[in-house]
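If you check TrEMBL, you get these features:
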REGION    B:1-58  region 'Disordered'
COMPBIAS  B:24-34  compositional bias 'Polar residues'
COMPBIAS  B:40-58  compositional bias 'Low complexity'
DOMAIN    B:141-269  domain 'TFIID subunit TAF5 NTD2'
COMPBIAS  B:316-327  compositional bias 'Acidic residues'
REGION    B:316-364  region 'Disordered'
COMPBIAS  B:339-350  compositional bias 'Basic and acidic residues'
REPEAT    B:398-439  repeat 'WD'
REPEAT    B:471-506  repeat 'WD'
REPEAT    B:513-554  repeat 'WD'
REPEAT    B:555-596  repeat 'WD'
REPEAT    B:597-630  repeat 'WD'
REPEAT    B:639-671  repeat 'WD'
Amino acid sequence: MAEERRQKQCSVILPTESMKAMAESVGVGQLQEESCVAISEEVSYRIKEIAQDALKFMHHGKRRKLTTSDIDNALKLKNVEPLYGFQSQEFIPFRFASGGGRELHFYEEREVDLSDIINTPLPRVPLDVSLKAPKEQQKAESTEPLKVAKPGQEEEAAIQGKSQGATAADGKGKEKGLIRLKPRSTHELSVEQQLYYKEITEACVGSCEAKRAEALQSIATDPGLYQMLPRFSTFISEGVRVNVVQNNLALLIYLMRMVKALMDNPTLYLEKYLHELIPAVVTCIVSKQLCLRPDVDNHWALRDFAARLMAQSCKTFSTTTNNIQSRITKTFTKSWLDDKTQWTTRYGCIAGLAELGPDVIKTLILPRLTVEGARIKAVMEGPVVSNIDKIGADHVQSLLLKHCASVIAKIRPQPDNVEQYRTDYGYLGPMLCSHVMKARTQAALQAQQVNRTTLTITQPRPTLSVSQSGLSGSTGPRTPSIIKVPSSLTLMSPRPGTPSQPSPPATKYIVMATSAGTATTQQVITLSSSQSASPVTSTVPSATSTLQPLVKLESGSGPGLTGSRPLQKYIVVSLPSSASSSLEPKSSVIPTSISSTSLEAGMKMERSESPGASTQSPH
Amino acid sequence: FRAVPDDGGLVDADEDKDIKTEASNDSWGNNNANDGRLLSPSPGSSASAGSNKSAAGASEEQQTLLAVLQFLRKNKLTESVEILRREAGLPEDSLEPKGADSLLSRVTASSTAGAQAPTKVAAGEDQPDVNVVLSAYSQQGDPALYEVYYSGLKRFIESVLDCHRAELSQVFYPLFVHMYLELVYNNHESEAKAFFEKFSGDQECYYEDDLRVLSSLTKKEHMRGNETLLDFRTSKFVLRISRDSYQLLKRHLQERQNNQIWNIIQEHLYIDIFDGMPRSKSQIDAMSGSLAGEAKREANKAKVYYGLLKEPEIELPLDDEDEEAENEEGKPKKKKPKKDSLGSKSKKQDPNAPSQNRIPLPELKDSDKLDKIMYMKEATKRIRLGPDNLPSICFYSFLNAYQGLTAVDFTDDSSLIAGGFADSTVRVWSVTPKKLRKVKSAADLNLIDKESDDVLERIMDEKTASESKILCGHSGPVYGISFSPDRNYLLSSSEDGTVRLWSLQTFTCLVGYKGHNYPVWDTQFSPHGYYFVSGGHDRVARLWATDHYQPLRMFSGHLADVTCTRFHPNSNYVATGSSDRTIRLWDVLNGNCVRIFTGHKGPIHALAFSPNGKFLASGATDGRVLLWDIGHGLMVGELKGHTDTIYSLRFSRDGEILASGSMDNTVRLWDATKAFDDLETDDFTAATGHIHLQDNSQELLLGTYMTKSTPVIHLHFTRRNLLLAAGAYNP
């Protein structure tokens, strides 16, 4: 075939008729046949030569199409004056005509009315060349998670065309490519992606907890979600907006769990969607009312959880350019300082600030302890205003104590004098003092440094379920029984083990729990494996001494474990919570104790065991 | 740089004892003293003729005289003939036997010289034989017999033993071309056509481009001014054949009395005979494909100092003071006894490195030292790449460029991007938050306090700050672009034949270097600054210094356009890739060509030196990347995968990964470590230069990254080994 083509190339020359026609057009009447042949051969050769040179220009112009300018340049190379101003509206500007036994192609030159040209409006100025770099690197055939390019100076590029918002996927920047005279481009999802999106969102806010766990797992681990990210983010932000108005606590919690799953996914780069996600999260922290019955429902847990999400996103995304952390801090501080702020919002602000780390606590919260203490005192000891206020003040108080104690323990010199504390911190002083002392003993006893306030959740571990045991004898304002639909309110739900899915090889959890000051009940840790279906229950007696934290290390496989599963280790240490806990590994069947789940305890566990988990083998 | 004459006369035939390693090119006459043959001066090149005369020995002088006499007689200047003859003391019949008519046929190309009586020549190797070489295609056999000769040879070669067949088949293509040209030259148009049609299909597919040129050429008149043809006539096609095969061929031709073919072989082919096993077909295919055959073995024998120069010793502040030092960039650095490990390592002199002052290099300024410090700091934060740890790729897309983007370059620290465009503009973007600012006007500069600490800051005009600047000055598409290492200058080369130097302080053009009269395809700054190299359509690469308006060196030898130019990391060598499908390495010191690499089957558009200076990678329109060992002068690898022209190649900062960007909209990553490691375990015989290339492209390919519709025309590894790529989105 190549040969054929080559031969063709060899023999193609312009027909002599063309020569004749051209000669006539310039006034040469009778051209000899031989002259025609000679001229056509010569012309054909020169045309081929110029075409070959023009190809060279095309190659160097890094193009695939030969343009007229290439031919101009090739002519210049041969010292021939190029054809200036050649342009045609159509692809082939020639017209065909036949007559008098001859066939002709000619270039149609219409008469142009000058006034038409003058009166036509100027065409739009073409867009200027601009340079664009995507925030996320290009992704190709590989399905493995991409290393997210560090937002270093290269990507921090001051690039034009940055304004394509969340409508377009941020995967490959180029698909937005050249947008001419078209302000936005919508990015179509494939049918499969649409189905997936529908399933996931339905499962996330649906009633089936198992499905939800699966959906969240998928969001947290699947690598190819970047195209759906804008949809998810809009879904969440719209969802929060609607459900805050309707005070639908459960849905808000589900949405926050979605946010967490998105943040856990290492292949997603959320920075471009923070403008939607952060307002949603902050709403869940500081909103005045999140549930229909603020006196009974445990919306505090949601605030805590959202505050931790906020802190995590500050750590991950705050840069010198966007200043997320300082902006968020300002927002919280401002509404906290406002006297008219309600207790719910106050609680959210403090929780949000406290999660940002000990430095923030030290600089922003500690100085305000006295003022806040006075406020709490006014509610607690003053005339009974309303039950809601009282509950709120109570929560704020325990929140402050919880967060400040560990910080104070670090910055204050040793002798903890109650009086001294009272003068320094006012109403909260004495309670703070006892908490600080507790924190000190704890710190001294724990070989492993647990600095709770700086913990971040670094790995996607959505399947670990921690729930409060029903055996807990802890009572107080936050009894688990308040919660209406307890099982659907667990933030971290156990996922029923499916036989097809391999069990995680070595599951190790470190759980920290402290018995409440007066608690003498036993903490039951229930472990069960899906294969065995016989729960391995190890009962750890609570320390008799009230301040003794529990540190128990259990090693060795339980009797019910199948041989294929490797050794499991559970390290149980104390948790400053008044609740005892029960913990199920990923593949466990749901034990009965789950039914009385305390959201609060669940989330405390969730957070505080994270450093341990991060040092252990991930599952 | 006074050590070398800057008259650009480096290719003078006289001083060039190495010139036999290069095929001569039509614009420079070369005098090959060894076999006493005069290789083809170009038409009208009286200068080169003159140099021949002065340089040649007595016998050659005599021949020149003969040629002149011949010319005079031809033009009926009999009196002059007589006088000259008498003065030179030549016998009367001296003009008769061989007649330098062929010289005339070149000087007066349109004359009827070609149609003169055939001259039979006894091709003795030891006798100086002007005639044979000069009479390009004037011999005449019976044109009808050409086909018979050729098919006879073809039959013979097809019948020989397998081991010889592949080697002898190499003869086909040059023979075919020369026979065809002979036919054309002697006005046997129809025979030529028939000959072409009959045998062109037999030729290797990678010669198709050349055959296309040939096919269009059917008349003697066309041969004038066609560069491809000049190349064929003026340079010998080099073949490497084992002694056994050569003997076989020789015996066959002598037995058959096949003088026509034998003459062509003698005159137009250079057969590089080696002892040992004949090469296999794949070995031959790997090396062939260039316009003028393979490189002669001795062409690659010269010693190349491929080692790196010793890094200048720079006192590095301690690591823990990093932050501090970064903040006080403006201040001169402190003397600290502590050395960085990099510094102490480079103390040992590499035996393969050129001496430090082999090429005079500019002194380091304070700002350069600061930059070096920054570089080292960044280097410590560099990500170690490997097959399991591929770099992240950040793609810079040029939007709205409408096919007009022709060249891109990044600064070494990845802070600026420059683009050359078909509309003759050069645009510079800042990709850091730091905007581009001009220096204030002279009047304003007078007003500022020159003693102040932040004087460098004060001279900048804040009003001009912008993200990008446009540089206008060229009058044709900008094909090559290069930042100076200190980021103060930018070079651009254009279709208009000039190379321009721009200041990135004032954003104005400082110098227009004129020398190339034709489009300049590529230009690049030396890694040490000050020098730069350019190459263009005139087939010459030129070395310039920024403060000279004339070139310091001219590297001539390529048989077609010089399409890309690269400096060796030690600045002592320049590599050029060409449309003649060869890569040449030139010594900056003396202008010699020290390496010729053949093997590409298409014009070469990308070159990259490995960071250690040992290896060279090249990419061409054939979509293949070839790897070369500079020290041994050998091809060491072939990376197949791209489906279109490769426009960009880049090694990672540590040399583990080779990235290639292509017109086929992909970036591919290759395992360079493995590619070069495999070679070291092979015990290839450097002496013969025969390579066994494994076909392991698939193993070496680490990743393919597609863009949607953006040809990748530039790649750059940041100092921390993040890969940046650039191209224009092409809707």
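The backbone N, Cα and C atoms fix where each Cβ goes, and this holds for glycine too.
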Helix, strand, coil residue numbers for the repeat 'WD' (B:471-506) per DSSP?
0 helix, 19 strand, 17 coil
Sort out the residues at least 6 away from either end of the repeat 'WD' (B:597-630), same chain, that have Cβ-Cβ distances under 8 Å to it, and list them.
206, 209, 286-290, 293-295, 304, 306-308, 560-561, 563-570, 575-579, 581-585, 636-651, 653-655, 658, 660, 662, 664, 670, 672, 675-676, 679
Could you tell me the mean pLDDT over the repeat 'WD' (B:398-439), as a whole number?
90
Within the repeat 'WD' (B:555-596), residues counted as helix, strand or coil by DSSP:
0 helix, 24 strand, 18 coil
Summary of DSSP states over the repeat 'WD' (B:597-630), given as helix, strand and coil counts:
0 helix, 20 strand, 14 coil
Going by DSSP assignments with H, G and I as helix and E and B as strand, what are the residue counts for the repeat 'WD' (B:513-554)?
0 helix, 22 strand, 20 coil
Over the span of the domain 'TFIID subunit TAF5 NTD2' (B:141-269), count residues by DSSP class, listing helix, strand and coil in order.
99 helix, 7 strand, 23 coil
In the repeat 'WD' (B:398-439), how many residues does DSSP assign to helix, to strand and to coil?
0 helix, 23 strand, 19 coil
